[in-house]
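Single-structure report; data block below.
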Amino acid sequence: MYDLLKTIDDPADLRRLDRRQLQPLADELRAFVLDSVSKTGGHLSSNLGTVELTIALHYVFNTPDDRIVWDVGHQTYPHKILTGRRDGMKTLRQFDGISGFPRRSESEYDTFGTAHSSTSISAALGMAIGSKLNGDDRFSIAVIGDGAMTAGMAFEAMNNAGVSEDAKLLVILNDNDMSISPPVGALNRHLARLMSGRFYAAARAGVERVLSVAPPVLELARKLEEHAKGMVVPATLFEEFGFNYIGPIDGHDLDSLIPTLQNIKELRGPQFLHVVTKKGQGYKLAEADPVLYHGPGKFNPAEGIKPSTTPAKKTYTQVFGEWLCDAAELDARVVGITPAMREGSGMVEFEKRFPERYYDVGIAEQHAVTFAGGLATEGLKPVVAIYSTFLQRAYDQLIHDVALQNLPVVFAIDRAGLVGADGATHAGAYDLAFLRCIPNMTVMAASDENECRQMLHTALQQPNPTAVRYPRGAGTGVATVKAFTEIPLGKGEVRRRTSQPDGKRIAILAFGTMVAPSLAAADALDATVANMRFVKPIDAELVQALARTHDYLVTVEEGCVMGGAGSACVEAMMESGAVRPVLQLGLPDRFVDHGDPAKLLSLCGLDGDGIAKSIRERFLSHAADVASPAKRVA
């Protein structure tokens, strides 16, 4: 099994194969990807769709000297397997294992780290210009999906690249008619019209004939090809940017891919190759439902993904989706917005029930935020469902277009804190710090499912921009209450009180997901625990009261410490006369790698044992055991 694949330890081995061996290799590679992902979980559909393209690129180009930048990067498993990491696939996305995305520190073939979309053309152009300035003669290649082409950054890069006539730059549009959710917007309709038109179908066949018979392209041949293409193919959007447009060609046909890429190698200036692929190619279940098989957990390939037979705790994403539908039922002004994450953000049901109030704006976070601001000026109640890591991409819009004008936009921030297998690129580590410094913002962090629901309701009642952050995955098991209750603005609550005497009294000020482990730590230490709920406005009265009645304060958050929620507590404490020693716990000042979420929290010292250990080391190393029966406040 995998007889050919076992002989490939790097692309040099691949380039020694006879062309006739490449399709059998592709079949083995596709089977290996399916087998590997079924055992570890990970991105599947996108990787099954890039097998032949990956083989062709490494076969034709002299990687790693020629640079390949994979946009988003979740389609790079075939690339990793062909570049010396075949055996590492058994550790994919696991702690101390290989990443699910390209990483420069992992391999010289990973020329640029990616995970967020639409960055590849900018990076590849920088490489192409840098190589030219250094006197190096190499190609720089950006592989970008049709979904990622909805982002403005891709067009900013193309606008710049189009005037770089002597850059050896190739942009490959991997057109699979999918991003994660189906792509949306005028650009995708434009591509669909071009590809489905009768005139274009005939033109495409003519261009493919030209490409298939062309010898290595000399300048004259290139001019003849462009002249012939100009006679039969309508001018495209990409040619208007200054690119030489080639395609579309079948991205699963090595006999089309390889000669075309070999011809492109002889050209200078920005080239644009349009390849058509199918997500899930070669695995019928993934072909039929590429969204379901986009990022599955472990499963049996022979049976496919089966519904869980054990009742699962409700996820925070589900809590949000249910709340949004309930809120829209009660108020016709509620509008839902997602930047191309319908399924991931829990908006499938909302789209079905309220299609006229559902807006998927594509991978366009900047536009999503300002679009929401515009809706708010007309008296609507926009809710932007967005991952914490992607909100970073719209920071100027958040400040300039929403907060500065004090517009009532609700930000439902999913994937706050660590996200497990997706690693540092997707961690929501910074939102508390970058949100709390913005004037007019209200910021809440949910500690359980029902609190999340009520916080979202509270956010919708505010006359200013308001954010509610919540984590990935299942909640704590707390049932949600159908009736809505508005949470008092800027007020936390004490969940447990210490019985320790003066000199040993510890108060833990916990935010969001850190309330539960803080209660566990408090049981071991007999400490007070406050569920702070609001990061902004911080409950200054509660902070100051705890400072007056306790000897030590501890702040705990699943976010960066510098500038985060703990800093807000320190600032509030310093305004009072009662200044106490403070221990601020949170994510470390480094990027946290991928792995099991519980293990990562433990390594960061943010589980119950870790919190208790840090408190003992800082404040109690000189004291006797202070544990006593717990006294929690209902």
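Just so it is clear, glycine is given a Cβ too, placed from its N, Cα and C backbone atoms.
Since this is a predicted model, take the numbers as computed values, not measurements.
Taken from Swiss-Prot as is:
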BINDING   His74, Ala115, His116, Ser117, Gly147, Ala148, Asn176, Tyr283, Glu365  thiamine diphosphate binding site
BINDING   Asp146, Asn176  Mg(2+) binding site
Largest separation between Cα atoms (Å) of residues that the record links to thiamine diphosphate, namely His74, Ala115, His116, Ser117, Gly147, Ala148, Asn176, Tyr283, Glu365: 32
Helix, strand or coil at Glu365 (thiamine diphosphate binding site) [DSSP, three-state]: helix
Listed in sequence order, residues with CB under 8 A of His116 (thiamine diphosphate binding site) and six or more positions away: Val72, Thr389, Phe390, Arg393, Thr425
Binding-site residues near Asp146 (Mg(2+) binding site) (Cα-Cα within 10 Å), from His74, Asn176, Glu365: Asn176
Which of Asp146, Glu365, the listed binding-site residues, has fewest other Cβ atoms within 10 Å: Asp146
For Asn176 (thiamine diphosphate binding site): intrachain residues, at least 6 apart, with Cβ closer than 8 Å: Ser46, Gly49, Gly145, Asp146, Val276, Thr277, Lys278, Lys279, Pro290
Of His74, Gly147 (the binding-site residues), the residue whose Cβ has the fewest other Cβ atoms within 10 Å: His74
